[in-house]
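Going by TrEMBL, these are the annotated features:
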type	residues	note
COMPBIAS	241-261	compositional bias 'Low complexity'
COMPBIAS	273-296	compositional bias 'Low complexity'
DOMAIN	48-120	domain 'UBR-type'
REGION	217-296	region 'Disordered'
ZN_FING	48-120	zinc finger
Amino acid sequence: MAENIEPENALEENENENDAVISMVDYLKEEEELENDANAVLGGSDDTQCTYSLGYVPRQALYACSTCNTKDGASAGVCLACSYACHEGHDLYELYTKRNFRCDCGNSKFLNLTCKLCPDKGPENTDNVYNQNFKGLYCVCARPYPDPEDEIEDLMIQCIVCEDWYHGRHLGDCQVPAYFSEMVCQGCMNKHSFLWAYFINCKDIQVVQSDSSVNSSEIEVEKSGSSLTSDVSQSRESEKSATSLSTGSDDTSLNTSSTESQSQKADSSESRLLTGTNGSGTSSESELSASNDVSLTSGSAASSSCDSTSKEQCLLRDLQTREVTHRNSATFWPDNFRSKLCQCSPCKANNVC
């Protein structure tokens, strides 16, 4: 006959089992966070298969080789797998993730180089977009990172529109807040002014001015989704009685200028550059994924299309009827900001990030 277990012993065993379960949950959570960090840096890239056959990949880790010569010094980017197979031992610029890019390794841009993983590539990838990062330069200061001549410790943050990387001190008249998910640089905010219409309606986000004399009332910040809905409803009611509507946007379109094992390269990258932080230095992978679904849109392109669509209401068009204060600064966006973007068909079709 089996020996009866005393109630106290049984309770102690149950507690030990619960402790073991909790420890496993914590372990799995930690593993998930590490995986998310790696994906944020590597974009889910494959370290054995060249991505060329996938076409223009929505987001992937890229590298530029300064050892290999290209025709006329043209910029070129290679995928993670090619950085191992074709450029091992070379001097590589780590570009982190870029959007809508097709691997250039071994194509006609390179002199005396054939891709070992995918030798039959076309001459060039005409839809690829390149910026100064492909030459190892970053920020408005156009300096390398890390910069041996820069003695100031500073983080680097990637703009979600132009995809360049910026020093925190080179973002205009603002300070980097403790909590944010994404950043749009000063240049992109100035060039595409319709973004301010979206920005002032994002919950719990504001531009922190360096000048303390700036009146906080000049920075309009909506505190809840319900207030946003209410304001939009009032705007639509006003529209019914109006004889004309001005979109208030002079923007047209935007072409976005969009590292042994994967985990080792991810750890190295995370310690040096941020794609956006939630206050603990953790990148938001969910935002990277969401950026392919609902995106910031070109103001006038979307609004003009909506003018001819009678059954769809355009949130962006409604927001552009308000008075918006523009600042000479970058903007910092919360992790839920895409839920407040217009989702009408024209706006979704004209995305910029």
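Here the Cβ of each residue, glycine as well, is placed from N, Cα and C on the backbone.
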Next on the checklist: DSSP on the zinc finger (48-120): how many residues come out helix, how many strand, how many coil?
Outcome noted: 12 helix, 23 strand, 38 coil
Checklist outcome for this item: Taken over the domain 'UBR-type' (48-120), the predicted model's pLDDT averages 96
